[in-house]
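K.L.:
Before I ask anything, let me first share the structure, which is written out below as structure tokens.
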Amino acid sequence: MRKHPQTATKHLFVSGGVASSLGKGLTASSLGQLLTARGLYVTMQKLDPYLNVDPGTMNPFQHGEVFVTEDGAETDLDVGHYERFLDRDLSGSANVTTGQVYSTVIAKERRGEYLGDTVQVIPHITDEIKGRILAMAQPDAQGNRPDVVITEIGGTVGDIESQPFLEAARQVRHDLGRENVFFLHVSLVPYLAPSGELKTKPTQHSVAALRSIGITPDALILRCDRDVPEALKNKIALMCDVDIDGVISTPDAPSIYDIPKVLHREELDAYVVRRLNLPFRDVDWTEWDDLLRRVHEPHETVRIALVGKYVELSDAYLSVTEALRAGGFFHHAKVEMVWVASDDCESASGAAAALGEVHGVLIPGGFGIRGIEGKIGAIHYARTRGLPVLGLCLGLQCIVIEAARAAGLAGANSAEFDPDTPDPVISTMADQVDIVAGAADLGGTMRLGAYPAVLEEDSIVARAYGTTQVSERHRHRYEVNNAYRDKIAESGLRFSGTSPDGHLVEFVEYPPDVHPFIVGTQAHPELKSRPTRPHPLFVAFVGAAMDYKAGELLPVEIPEQSSNGIQHRDSAARPIPEPAARG
């Protein structure tokens with residue numbers, strides 16, 4: 001009798017049916033959080049069926065944000081959900097695309113590694129996918145082997161692009177044994193208002209399509225805008241041949257952070273533990289319950305304007321908005337997002353109309369010239385009125401451009417937006433010149449991943465972090481032109497953090513006697529924020545916005561700089577509260 005290999009790691013696959021955007025990523029993340037709260041070591045992976053090697057060159061309107069990992073991989077935004085819910089860093093191996101798989105297989109064929117075989121989807125493509133799935137079960141850098149690997153399969157069952165991934169998942173179950181693999185299928189149960197009925201037929205057809213390729217789901221997540229009654233759950237269990245304990249109703253939740261509670265109420269985590277024969281421990285809700293109290297019982301509300309190019313699609317700034325909300329959780333405050341198209345702030349009147357009722361302005365990252373003058377206009381409006389500002393990546397560059405113009409360089413600009421500008425205060429990084437000129441590939445060639453920075457001891461950012469040695473993730477090709485540092489400093493702007501060699505500007509800020517809170521970073525700190533451990537910069541920024549709202553940082557018009565570029569204030573900013581300890 002054939003025996004399956006002994007495996008210490010269990011694999012759980014999450015697929016989707018009927019429609020896209022049902023929340024597979026959040027479902028997988030929430031289940032991962034529940035298993036982690038049971039004391040298990042969980043890691044996660046996303047299989048994306050598109051032919052792009054990574055999402056780095058994709059339009060944010062089509063794909064949403066690009067989430068950058070510590071090791072510099074440009075990945076799907078769901079990887080951000082995984083990191084936030086698991087509260088641990090993942091690597092580039094957490095995201096696998098069809099483009100990566102085919103590129104690797106074709107490269108192997110060119111090297112002659114297939115010994116003359118005809119290269120086919122089965123077995124060569126599926127074997128490459130299986131290898132990447134099984135690699136997630138290897139011990140981490142500390143030697144710890146995961147108890148569970150949760151793998152989300154992108155797309156919808158029935159899509160041509162997803163078929164190799166589903167076949168690879170089926171083969172993993174065949175190779176490791178059914179007792180070591182669990183299939184979770186997320187499906188839509190639509191409500192028809194005219195008849196007042198919930199319809200189960202789409203889910204039945206979706207499961208039938210899954211079974212036709214050899215996969216029988218162990219559990220079903222029923223997505224609906226309301227609870228699915230027990231009678232319908234029994235019907236679905238019968239028609240789809242799934243245990244009734246594995247039919248899970250997941251109505252829309254008030255917050256994404258409520259989803260673990262929804263799944264736990266339906267006992268999905270206990271069912272998974274039982275089916276995979278995992279160690280049984282009670283869920284430790286201590287940290288998550290504290291988070292939910294902060295989410296649902298805020299003491300006040302603060303309005304933050306996000307001035308960006310892609311505000312029509314909130315997923316384009318997903319990590320930013322979650323980091324802002326987490327900063328609010330720290331202060332027991334609700335952050336109300338005000339989405340402002342950067343084009344609306346190009347004129348003084350437009351900026352006043354868009355920003356007149358907010359308590360803080362966030363300028364996120366981005367690329368291209370469209371909307372840049374609006375971002376600069378928003379910064380000018382905020383600077384002259386004492387309104388707190390946090391600039392991320394491109395946001396730092398816009399703060400620098402606005403400061404340079406205030407210091408007398410009227411034509412100051414970035415080489416990205418105006419190659420012929422007389423004062424390129426933002427210039428192309430030396431190792432990016434050929435790439436920008438078109439002499440090398442654009443994809444995967446930016447300054448990516450975690451880099452260290454050194455902060456000045458008495459700076460706002462050092463007080464926020466509680467240290468002068470920090471590491472943040474990056475994604476950029478342009479930098480502050482060091483030839484203009486002295487001139488820009490005449491505006492009062494301070495270069496408060498640099499790379500360890502002092503060459504690359506990583507942080508800028510105005511001292512509190514010049515402006516209450518304008519801070520910019522060349523990094524993307526939002527990528528390291530967690531709902532239970534908010535990032536220090538977002539804690540400080542939301543705190544400054546709350547001060548502004550309370551009138552402690554007076555929302556009065558600040559005069560333009562004098563001839564020496566510096567305008568002092570009599571009042572000082574409130575000390576920045578110490579954020580929770582970060583690992």
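All positions are counted from 1 along the displayed chain.
Cβ coordinates are placed from backbone N, Cα and C, and glycine is handled just like the others.
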K.L.:
Which single residue out of Glu346, Glu416, Glu457, Glu490 does Swiss-Prot record at the L-glutamine site shared with Gly366, Leu394, Gly395, Leu396, Gln397, Arg477?
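P.N.:
The candidate from Glu346, Glu416, Glu457, Glu490 that Swiss-Prot ties to L-glutamine along with Gly366, Leu394, Gly395, Leu396, Gln397, Arg477 is Glu416.
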K.L.:
Given that Swiss-Prot annotates Ser21, Leu22, Gly23, Lys24, Gly25, Leu26 as binding ATP, state which candidate in Asp78, Asp87, Asp89 belongs to that site as well.
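P.N.:
Checking Asp78, Asp87, Asp89 against Swiss-Prot: the ATP site match is Asp78.
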K.L.:
What whole-number Å value do you get for the CA-CA distance of Thr203 (UTP binding site) and Glu152 (Mg(2+) binding site)?
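P.N.:
If we compare the Cα positions of Thr203 (UTP binding site) and Glu152 (Mg(2+) binding site), the gap is 19 Å.
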K.L.:
So of all those binding-site residues, Asp78, Pro202, Lys235, which one's Cα sits nearest to Ile160 (CTP binding site)?
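P.N.:
When the Cα distances are compared, Pro202 comes out closest.
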K.L.:
Taking the Cα atoms as reference points, how far is Ser20 (UTP binding site) from Glu526 (active site) in Å?
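P.N.:
Counting only the Cα atoms, the answer is 26 Å.
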K.L.:
Report, in whole Å, the straight Cα-to-Cα distance of Cys393 (active site, nucleophile) from Lys201 (UTP binding site).
P.N.:
48
K.L.:
Given the recorded positions Asp78, Glu152, His524, Glu526, find the one whose Cα is closest in space to the Cα of Lys199 (UTP binding site).
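P.N.:
Among Asp78, Glu152, His524, Glu526, Glu152.
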K.L.:
Same-chain residues six or more away whose CB lies under 8 A from the CB of Pro202 (UTP binding site)?
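P.N.:
Non-local contacts for Pro202 (UTP binding site): Gly17, Val18, Ser187, Leu188, Val189, Pro190.
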K.L.:
Which three-state DSSP class does Glu152 (Mg(2+) binding site) fall into?
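P.N.:
Going by the DSSP assignment, Glu152 (Mg(2+) binding site) falls within a strand, counted as strand.
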K.L.:
So among Asp78, Glu152, Cys393, Glu526, all listed as recorded positions, which is physically nearest to Gln204 (UTP binding site)? Use the C-alpha atoms.
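P.N.:
When the Cα distances are compared, Glu152 comes out closest.
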